[in-house]
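Feature annotations, courtesy of TrEMBL:
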- 26-106: domain 'RRM' (DOMAIN)
- 121-195: domain 'RRM' (DOMAIN)
- 390-462: domain 'RRM' (DOMAIN)
- 1-20: region 'Disordered' (REGION)
Amino acid sequence: MDEAGSSASGGGFRPGVDSLDEPPNSRIFLVISKYTPESVLRERFSPFGEIQDIWVVRDKHTKESKGIAFVKFARSSQACRAMEEMHGQCLGPNDTKPIKVFIAQSRSSGSHRDVEDEELTRIFVMIPKSYTEEDLREKFKVYGDIEYCSIIKNKVTGESKGLGYVRYLKPSQAAQAIENCDRSFRAILAEPKNKASESSEQDYYSNMRQEALGHEPRVNMFPFEQQSEFSSFDKNDNRGQEAISKRLSVVSRVPFTEEQLFSIFDIVPGLEYCEVQRDPYSNYGHGVVQYFNVASAIYAKYKLHGFQYPPGNRIGVSFIDDGSNATDLLRKMATQMVAAQLASVVWNNPSQQQFTQFGGSSGSQLPQIQTDVVLPPCKKKAPPETPVKERLFIVFNPHPLPLDVLEDIFCRFGNLIEVYLVSGKNVGYAKYADRISANDAIATLHGKILNGVRLKVMLADSPREESNKRQRTY
C-alpha cells in the first residue's frame, strides 16, 4: 500500500520513515470518503492529542484520494483513544457512511488492529517477587478498568518469578499504563497468548548446553543515540545509584530467542534461568536473566552491557530491583568471592590443603560451604572396602573444589565410599554404596553453585564401558 501520500498543508513536524511507529501504536489507519479533506481530519482528530502529521493516500497518476488516510499522534494513548471514540462515527453532517479507524500496521505486526484486539489491552510488567495479584491491581488500576491481573510463578515451587500481566478493558488504558507507570516496571505490550504461554519455562539444566560463543565479549562503550534504555555504557558508572540484584533486564534493538539469550549469559557461571518477552509492535528484544548469586549477576552486567550480538547490535543490561536487601546481597557476594579465591589457592597449591581452612581456624574445623542449596546434615562415610553400587561423574566450572569440601558435600547423602579428582582436569568422581544416595546427590547438586563453583553431577559410565572409549578431553 502506498502510504507516501500528500499532506494538504506544509509546515509542522513530519516523522521520517524510521519514526513512523515511534512510539509504537501511535499511528491510526482510516477508511474514509474519497472527498474528505485533510482539514476535516485534523479538526475531528486534534481533540485527542498532538497530531504530528496526516497522510491522505492518493493515486500516483490522478492525485485523487483513495479513501485511505493515516494520522500520526505524539503518544500511543492518544491514537488508541481516537480509535475508540471515532471508529464507526461519521465525520460530517452530510456523510452517510461511518469511517473505520484502526491502529496502523507496523513493520513488525501482521495487520491493522482494532478496539477488540487483545494485543492492545494486555501489558507485561516486571514486579518485586513479594507482589501479590492484589498489589499488582492496586498499582495499575489508576490507569483504567482492569479485567484481570496474573503473576507468573515457578511451576515447581510456586514462587513468583517477578513477572506479571495486566489486562485492561480498553487499549487507551493499557497505553496510559505503559506511558505513565514507574519505569522500574518496564511495562510493554504483552505477546498474544496464542503465540507464547505465560507459564512456559524451559529447564535449561536438562538440555545440552548450547554451543559456546567463539570469541570473548567485546564491550563497546559508545551509547546509542536517542535511546534511553541503551544509554551510559561506561563501566565506571556510579553503581551506588542503581539497585543490585540477581536479576537482569536485557534490551536489544534486534529480537533474540531464549536459546540465543541463554548462550550469551551462560558464559558467566551461575545462570539460573532466562526468559524472552517480545514486543509485537517494535523490533526490540526484551529478556529477563536470573543468576543463582549476585556476584554472577554483577559480573554479567559488567561484561555483557554493551556486548555486540549479533555484530553491530549492542545489548543493554541493567539490574531489576526485586526488593532484595542490597547490603545482604553484597555481603553474600563478598563471602562467595573469598571462598572461591581460597578454593583456587588451595587447588593451585595442593601442599597447602592441609594448612588452609576456610574459617581461618584450626584444621579440625569442617570446611565452610557457601551456597543457596539446602544440604542435608553430614553423615558417616561407608568403609573403603564396601562394594561400589554407583559412580558419579562431576564437572567443575571454573575450577575444582578442594577435596575436603567435596567430601563434606557428597557424604551428606549417605553411603559415600570415596570422592576423588582427576589430576590436571576440572572433573572428579564420587563412589557410593547405595544407588538411592547417588541419585539424591544428582538431584540436589546438578547445575548448582557451591563456593562460587558450578557443578554438573551425572551418572558415570562403568569402568568397562570407559575402557572401550576414546579418552575424554576437556
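Our numbering is plain: 1 for the first residue shown, then up by one each step along the chain.
Cβ atoms here come from the backbone N, Cα and C positions, even for glycine.
Helix, strand and coil counts under DSSP for the domain 'RRM' (390-462) come to 22 helix, 29 strand, 22 coil. Helix, strand and coil residue tallies for the domain 'RRM' (121-195), in that order: 24 helix, 24 strand, 27 coil [DSSP]. In terms of DSSP helix, strand and coil, the domain 'RRM' (26-106) has 22 helix, 26 strand, 33 coil.
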